[in-house]
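J.: Positions annotated as domain 'EamA 1' by Swiss-Prot: 33-161. Taken from Swiss-Prot, the feature domain 'EamA 2' applies to 208-334. Taken from Swiss-Prot, the feature transmembrane segment applies to 18-38, 50-70, 82-102, 111-131, 142-162, 194-214, 226-246, 260-280, 292-312, 315-335.
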Amino acid sequence: MREAGEEKVAWKYFTRDVVPFAAMFAVECATVGSNTLFKAATLRGLSFYVFVFYSYIVSTLLLLPLSVIFGRSRRLPAAKSPLFFKIFLLGLVGFMSQIAGCKGIAYSSPTLASAISNLTPAFTFTLAVIFRMEQVRLRSSATQAKIIGAILSISGALVVVLYKGPQVLASASFTTVLPTVTLHQQLTSIESSWIIGGLLLASQYFLISVWYILQTRVMEVYPEEITVVFFYNLFATLISVPVCLFAESNLTSWVLKPDISLAAIIYSGVFVSLFSALTHTWGLHLKGPVYISLFRPLSIAIAVAMGAIFLGDALHLGSVIGSMILCIGFYTVIWGKAREDTIKTVAGSEQSPLLLTHIIEDGAFPLS
């Protein structure tokens, strides 16, 4: 009986902690890959309005059969239901964040986007407190850690945006990757509007935090991940049609060729608008908005490597210092969150000595 109980607890730990951790890490890899491909495609002339529109089209078409096959276990609400209005808001917020993010990367680089993404835990925690999804006890060490971490994250982001500094790693020209780009300056973010890009990216990650909060509320009412994500992408597509067609009036820009632009659009539609949205929606339902946002700092190292390999981006001192401050803030927030979750779990396990023993033995895992 004891062994069976331990196996049950271990399986529960695996499904509720290990699997979400691995899934969120995969999402960060997919997101950085999409940012890098998008930046490379813009250097070849891809309009970010075209990119956003076609990406939503791809994900919506792929989700349609999935929602029919797997998403009908719960009856759909009426068309006039407040739920559909909330999902429409999800589509609007998601579309706005995509536009801000694409424009921000076009002005700067995927590395800056990954650095600024560390604001997401601070934004999400603040919004979660405002909407009473997180408890604030000022005398609690967990709450103090989350507040200090949020302040450090914002400070680090300001350093990244406002202080570029000298090069730590020199940029390199990779003409084999982008053969039509001949000027070295086109391959780096040196000539880009760093501050404007940073502000746009900060706006993107604030909107993403709003999306997390709103999506969590939607999942509380209608916990059908595939159906919700399908309608989210459908509404985002409908919103993007007039906006993108009006903003990008050059018809030749809408003609796609089998090159890196098409690859970037398909990749984004499959791995960001579909896979990442589904995974985040599932994670929000399982773990909550603050947990999902805590994985953003993992993208920094991935973005630096991809930017250096595929874009020839230089690494600047300001990005290094700011990212270090951001990471300290991130791990401070995650420590506070882990401590808070541990206290809640132990408090709820007073009647289950076996579960309590398992928690104590596995105390080395900060995300449990």
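Any Cβ shown, glycine's included, is placed from N, Cα and C.
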J.: Take the domain 'EamA 1' (33-161) and count its residues per DSSP category (helix H/G/I, strand E/B, coil), listing them in that order.
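T.: Counting residues per DSSP class in the domain 'EamA 1' (33-161), I get 99 helix, 0 strand, 30 coil.
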J.: Report the DSSP secondary-structure composition of the domain 'EamA 2' (208-334) as helix, strand and coil residue counts.
T.: 108 helix, 2 strand, 17 coil
J.: Mean pLDDT for the domain 'EamA 1' (33-161), rounded to an integer?
T.: 83
J.: Which one, 18-38, 50-70, 142-162, 226-246, has the most C-beta pairs under 8 Å toward the transmembrane segment (194-214)?
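T.: By Cβ pairs under 8 Å, 142-162 leads among 18-38, 50-70, 142-162, 226-246.
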J.: Would you say the transmembrane segment (111-131) and the transmembrane segment (260-280) are touching, if the rule is that at least three C-beta pairs must lie under 8 angstroms and be 6 or more residues apart?
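T.: Touching, no - the transmembrane segment (260-280) and the transmembrane segment (111-131) miss the threshold of 3 or more Cβ pairs under 8 Å.
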J.: When each of 18-38, 50-70, 111-131, 226-246 is checked against the transmembrane segment (82-102) for Cβ pairs under 8 Å, which one has the most?
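T.: Answer is 226-246, with the largest number of Cβ pairs below 8 Å.
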J.: May I ask which of the stretches 18-38, 50-70, 111-131, 226-246, 315-335 has the most CB pairs under 8 A with the transmembrane segment (142-162)?
T.: 315-335
